[in-house]
Amino acid sequence: MDKKTMHVFKVLFGVLGNGTALFLFLAPTITFKRIIRKKCTEQFSGIPYVMTMLNCLLSAWYGLPFVSANNILVSTINGTGAAIELIYVLVFIIFAPKREKAKILGLFTAVLALFSAVALVSLFALHDKTRKLFCGLAATVFSIIMYSSPFSIMSTVVRTKSVEFMPFFLSLFSFLCGTSWFIYGLLGHDPFVAIPNGLGSGLGALQLILYVIYRDNKGKASGTKKPNDAATTADESMDTGLAKPDQQSKQSVTINGAQDGHV
C-alpha cells in the first residue's frame with residue numbers, strides 16, 4: 001500500500017472513529033436528563049465524568065500539531081469530548097449533595113491542575129520527540145485506565161448470566177470506536193493511539209461475545225425488580241454513570257459511553 005492510499009484509509013478510519021466516539025460521549029445525556037428532571041444526582045457518581053474529561057484533555061493535547069504530526073482528528077474528537085464531559089461535570093456539581101459536590105469539585109480542580117502541569121512541562125521544557133513521548137505516555141496511561149472500566153460490567157454479566165445491564169449498542173459502538181482508532185494508529189505508525197485502542201477493541205469484542213452467549217437471559221437476573229421500576233430500568237439501560245457501591249447491582253455500571261469514546 002503506497003503512502004497516499006494509506007493516508008486516505010487513515011483519514012477514513014479517523015472520521016469513523018470521530019463518529020462512533022461522539023455517539024459514546026453523548027450516551028450519558030440520558031443520565032443527565034434524569035438528574036436535571038429530578039434535581040438530584042441520586043446514587044450516580046461524578047468521578048467517571050471528571051476522569052474522562054482528563055483523558056480527553058490529554059489526548060486532545062497529544063493530537064495537536066506541535067506535539068504529534070498528522071493527528072488533528074485525535075484532537076477534534078477529544079476536544080469535543082472534553083467539552084461534553086465538562087458540561088456533565090458542571091451539571092453534576094450543581095445538583096449533587098453538599099458532601100458529593102465538595103468531593104467532585106476537589107477532583108475537578110486536581111484534574112485541571114494535572115493537565116495544566118502536563119501541558120506546561122511539554123510546552124516549555126520539552127521539544128520534538130521528547131515532547132511527543134511525554135504527552136503520548138500520559139495520554140496512553142489514562143486511556144488504558146479508562147478502557148479497563150468495562151471489566152466491572154463484564155464480571156456482572158458472567159456472574160448473573162444476564163446482559164440486562166450491558167446495553168448492546170454501547171458495546172457495539174465501543175468495539176467500533178476502539179477498532180477504528182486502533183487501525184488509525186496502525187496506519188499512522190503511532191503506538192500511543194494504537195495500543196490503548198487495541199485494548200479497547202478487544203474488550204468491546206469480549207462484550208459482544210458475552211452478549212451473544214447470554215442474550216436470551218436478558219432481564220432474568222433481577223426477578224425481584226418491581227413492575228414500577230420498569231421506566232427507571234429503561235433509562236438506566238443506556239446509562240453510563242457509575243453507581244455507588246450499594247447500587248451497582250441495580251444500575252448499569254458500563255462506562256463505555258462516558259469513557260470509551262476517547263482515543
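Here, residue 1 is simply the first one shown, and the rest follow in order.
Glycine is no exception: its Cβ is also placed from the backbone N, Cα and C atoms.
Keep in mind that TrEMBL annotations are predicted by a computer and have not been checked by a curator.
Annotated in TrEMBL:
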COMPBIAS  246-257  compositional bias 'Polar residues'
REGION    219-263  region 'Disordered'
TRANSMEM  12-32  transmembrane segment
TRANSMEM  44-64  transmembrane segment
TRANSMEM  76-97  transmembrane segment
TRANSMEM  104-127  transmembrane segment
TRANSMEM  133-153  transmembrane segment
TRANSMEM  165-187  transmembrane segment
TRANSMEM  193-214  transmembrane segment
Original post:
Per the definition of 3+ C-beta pairs under 8 A with sequence separation of 6 or more, do the transmembrane segment (12-32) and the transmembrane segment (165-187) touch?
Top reply: yes
Subject >> Considering the transmembrane segment (193-214), which listed stretch of 44-64, 76-97, 104-127, 133-153, 165-187 counts the most C-beta pairs under 8 Å >> reply: 165-187
